[in-house]
């Protein structure tokens with residue numbers, strides 16, 4: 001009896017696969033006669049699902065753990081690309097991934113006539129497995145009628161397998177894949193410009209070379225551009241672990257911002273944006289800035305808005321420059337929450353830059369500050385004083401672009417697009433806060449959130465001793481505010497919450513006192529127990545409770 005049941009199961013399974021084979025054979029043979037683009041678009045995804053063994057390493061985005069015996073070899077290979085190359089090479093180039101979209105996204109219907117796109121991917125000495133996994137994920141999870149081409153821009157790679165071997169391999173793929181070779185190491189910005197110039201699609205989609213696109217990633221991006229060609233759209237960027245290549249869904253409740261040092265940062269989506277969307281998390285999020293690695297833009301609009309600043313070097317700052325330019329010049333920037341693309345986030349870069357990473361990024365950031373930030377560039381210069389010594393080249397062409405596009409001032413951007421910015425729109429002072437008694441200055445000591453603010457000899461060089469007393473009566477250093485939560489308690493640096501309370505300080509310009517409103521105590525000099533941190537004491541009017549708020553300027 002058991003044998004009979006077993007035979008029936010085997011026969012049923014075999015019959016099912018025969019029917020699948022027949023279906024695919026008929027489907028392929030009739031594909032050229034098919035007019036329904038949506039039906040054709042099912043082919044790559046269907047083929048990928050049927051062909052995948054979901055029990056293999058890394059399938060469904062699961063972590064790959066390397067045995068102890070191979071740990072030393074794994075560590076050596078890790079140094080090549082600054083991610084676990086051994087784990088990556090064990091994973092199939094077209095591995096399966098979970099559907100991490102919100103439930104409401106899975107049932108959305110998009111217009112039939114969407115613009116097509118060229119996908120531009122820049123690489124330099126990229127690992128074979130991560131580069132090809134990026135390409136396969138684009139091809140397998142994109143409707144082919146929307147995929148004009150994939151353009152791989154080789155930024156002067158030195159590895160042999162990225163030469164003829166790669167050229168021969170991509171010829172076998174079912175979507176046109178073009179390889180463009182840069183004559184010399186040019187960096188991400190100029191390589192992307194080269195790829196964009198060669199593109200034919202109505203939309204350009206930029207991806208990094210170590211990404212994985214998920215099911216339904218492309219249609220929501222293109223649909224939003226179809227609605228408004230001046231909208232630049234980004235997917236939610238999911239995290240691919242650099243250690244295990246585990247695929248982890250990113251949050252739809254964060255958006256892009258930046259701090260005084262012009263470092264891109266993720267911050268919680270504010271309530272005002274949730275209210276604008278009426279609580280519908282499947283609607284796009286308006287974001288002040290983008291991370292810059294992954295986005296789609298109408299090709300003609302990319303030209304109209306000024307592409308990239310070609311005077312910038314290699315990488316860094318181009319994402320904020322483009323973000324400011326889009327918003328200030330009449331466009332909009334959004335995170336489309338129904339689109340998910342994974343990205344390998346590395347703890348360190350494997351690349352070297354001429355002059356060093358810091359020099360390159362400082363030059364790029366100074367260019368964007370000079371062109372787009374108006375008087376608010378002082379926040380950047382004062383907290384990063386070394387930047388003013390960097391030669392940033394000629395920005396006259398970019399300033400002319402701003403004039404021709406009739407772009408709005410940076411104050412408008414802060415007021416209307418990023419009102420919760422870490423840069424206050426109105427403030428009383430920007431510079432040092434000096435104690436009259438000790439002649440020492442408040443100093444953040446390079447400390448992080450939840451740590452005590454310090455006090456140190458004044459050096460007049462900005463940096464860690466730059467604080468802003470804002471019109472909202474906060475004392476800010478970068479994106480942290482001075483906070484006191486209990487009587488005589490320590491002065492802690494916490495994320496600015498803009499709700500006053502423990503972060504509200506009253507400065508008396510006559511008595512020179514800084515009174516904490518909630519505790520009704522005054523900021524005082526350090527105690528004998530710890531001479532490196534200020535204290536909170538009952539207000540007495542003593543010299544030790546007197547502070548000079550000085551505006552600082554640096555020659556630029």
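Just so it is clear, glycine is given a Cβ too, placed from its N, Cα and C backbone atoms.
Annotated substrate-binding residues in Swiss-Prot are 155, 185, 346, 351, and among 217, 260, 315, 412 the one listed with them is 315.
Swiss-Prot annotates 208, 210 as Mn(2+)-binding residues; of 343, 359, 459, the candidate listed for that same site is 343.
Helix, strand and coil residue tallies for the region 'Catalytic subdomain B' (284-346), in that order: 17 helix, 22 strand, 24 coil [DSSP].
Note on proximity: of the disulfide-bonded residues 105, 329, 441, 458, 481, the one nearest residue 155 (substrate binding site) is 329, by Cα distance. Sorting the domain 'Ricin B-type lectin' (428-550) by DSSP state (H, G, I as helix; E, B as strand; all else coil) yields 9 helix, 51 strand, 63 coil. Looking at residue 407 (disulfide bond) and residue 315 (substrate binding site), their Cα atoms lie 25 Å from each other.
Geometry remark: residue 329 (disulfide bond) versus residue 185 (substrate binding site), CA distance 31 Å.
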